[in-house]
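Asker: Below are the structure tokens for one structure; questions will follow.
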Amino acid sequence: MEEDLFQLKQLPVVKFRRTGESSRSDEDGISGEHEVQIEGVRTELEPVELGDGAAVPKEFANPTDDTFMVEDAVEAIGFGKFQWKLSVITGLAWANAMEMMILSILAPQLHCEWRLPSWKVALLTSVVFVGMMSSSTLWGNISDQYGRKTGLKISVLWTLYYGILSGFAPIYSWILVLRGLVGFGIGGVPQSVTLYAEFLPMKARAKCILLIEVFWALGTVFEVLLAVVVMPTLGWRWLLILSALPLLLFALLCFWLPESARYDVLSGNQEKALATLKRIATENGAPMPLGKLVVSRQEDRGKMRDLFTPHFRWTTLLLWFIWFSNAFSYYGLVLLTTEFFQAGDVCSISSRRQEVKAKCSLTCEYLTEEDYTDLLWTTLSEFPGVLVTLWIIDRIGRKKTMALSFLVFSFCSLLLFLCVGRNVLTVLLFIARAFISGGFQAAYVYTPEVYPTATRALGLGTCSGMARVGALITPFIAQVMLESSVYLTLLVYSGCCLLAALASCFLPIETKGRGLQESSHKEWGQEMVGKGSHSPG
């Protein structure tokens, strides 16, 4: 007996640490550490440090937890082959920018070919935004109720079908209705960001979502290059059909896409969520966390009232204004750029507008090679915006990035009051577009991060809908008000962006370094605040 007692005294202290949530967490104490000590010699465990972004070794992959959440699994598995494939496929859906860019090419062509008056040409553009505005919230609700993959697949197939069909439109009324239906489908394509964000680990999320936005810029560049080749030979009908190619490719590949594991967990589909996570772990060559996957089922998903609970009310209202201001300023700048370049400088804009008004509304001017070149160079300003936002968003945070983008745009707008020459005008417009597009991209990062899984798609959908309201209103400022006063027009855009910068600063939640919340029944951050931000106590 004495020998046994002597041997027990020689045993070291064994210390365990919980890294995730457990059903016994309320009884286990605050720190999550538990000691089993037998009197004798204390031996401390040596910590194992991992480099930035290093995978967790298999022998240390959540060894003592009996439960884990989807967030734990996504962080443990990390970024790998699966996310690279997902980036390309999601990017193909995001290249629907071709369907937007085609408006600036199609309008003057139909104006000449069908002898359309100016108001009918303008209506052709407006009807696409009306379709997007009316459908964005609906697609968000579908994605929250029936799954991200379901909503995205239906919206892409819808856009593809009516996009190709519009190439066969015999008369104006047909193409007007069909382009409106294309806009209705495009309203659901931003849900690709929701699906994409839910598979990304915390450290890679902002960078990856921003890089997905590159596909938008690539889509617009490809559309201009396609128009240069197709328009002189095959005509606008073939351009409409060929512009649907990225969506056709996405439709063929989308069957590879899994449903979001976060959505499956929230809808009570534990086995499906676990199978998806195991598939990702296998493709990435990373270990799965040990234990049982926690299911937090929530039936009432995608409810508008959840966007206005005390925790999200101010966030929702401020985000709506931020998205409205982004689209209002972005598309306004696109319209103003054409007017300023054709006038030569800001001071000559009023006299030129009077000359244009004196012309017949049926005056026909086809796009020239120089026009296509200008369109291409203007579009290329999107890339510096991505790079700047990519560099600062994880350094200063999402809120400050959006605020900075709005402030730079506002400052550049005010500098146009100085009646600058053509070269300085080009530089100011280039910088303004780079930063306002960067602010738009930062909003696409922040919005899916701030809302819980139960309302994430709906939150993004309503914000996207408010952006289309801004896009619908901006022609009345950039074109109608411009006829009265160029300075008042610039003041409206500058003032709107100043207010949007303030709204960005007043957002209650900064999502930098935080995980995605699952249920809307818990306070923000209650479930997962990045592993790196836990304090020792």
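Think of each number as a place in line: the chain as shown, counted from 1.
Even glycines carry a Cβ here, placed using N, Cα and C.
Please treat TrEMBL annotations as automatic predictions, because they have not gone through curation.
These came from TrEMBL, pasted as-is:
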{"type": "DOMAIN", "residues": "85-512", "note": "domain 'Major facilitator superfamily (MFS) profile'"}
{"type": "TRANSMEM", "residues": "86-107", "note": "transmembrane segment"}
{"type": "TRANSMEM", "residues": "119-142", "note": "transmembrane segment"}
{"type": "TRANSMEM", "residues": "154-175", "note": "transmembrane segment"}
{"type": "TRANSMEM", "residues": "209-230", "note": "transmembrane segment"}
{"type": "TRANSMEM", "residues": "236-257", "note": "transmembrane segment"}
{"type": "TRANSMEM", "residues": "311-331", "note": "transmembrane segment"}
{"type": "TRANSMEM", "residues": "401-418", "note": "transmembrane segment"}
{"type": "TRANSMEM", "residues": "424-446", "note": "transmembrane segment"}
{"type": "TRANSMEM", "residues": "458-478", "note": "transmembrane segment"}
{"type": "TRANSMEM", "residues": "490-509", "note": "transmembrane segment"}
{"type": "REGION", "residues": "518-537", "note": "region 'Disordered'"}
Asker: With Cβ distances under 8 Å as the criterion, find the stretch in 154-175, 401-418, 424-446, 458-478, 490-509 that has the most pairs with the transmembrane segment (119-142).
Answerer: 458-478
Asker: Of the stretches 154-175, 209-230, 236-257, 458-478, which racks up the most C-beta pairs under 8 Å with the transmembrane segment (311-331)?
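Answerer: Stretch with the highest Cβ contact count: 458-478.
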Asker: Counting only pairs at least 6 apart in sequence, do the transmembrane segment (490-509) and the transmembrane segment (401-418) share 3+ Cβ pairs under 8 Å?
Answerer: yes
Asker: So if I exclude everything within five residues of the ends of the transmembrane segment (424-446), which remaining residues of that chain have a CB under 8 angstroms from its CBs? That is, six or more out.
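Answerer: 190, 193, 205-206, 209-210, 213, 319, 322-323, 326-327, 329-330, 333-334, 336-337, 340, 345-346, 378, 381-382, 384-386, 388-389, 393, 398-399, 401-402, 404-406, 408-409, 412-413, 415-416, 463, 497, 507, 511.
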Asker: Within the domain 'Major facilitator superfamily (MFS) profile' (85-512) only, compute the mean pLDDT.
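Answerer: Mean pLDDT across the domain 'Major facilitator superfamily (MFS) profile' (85-512) comes out at 82.
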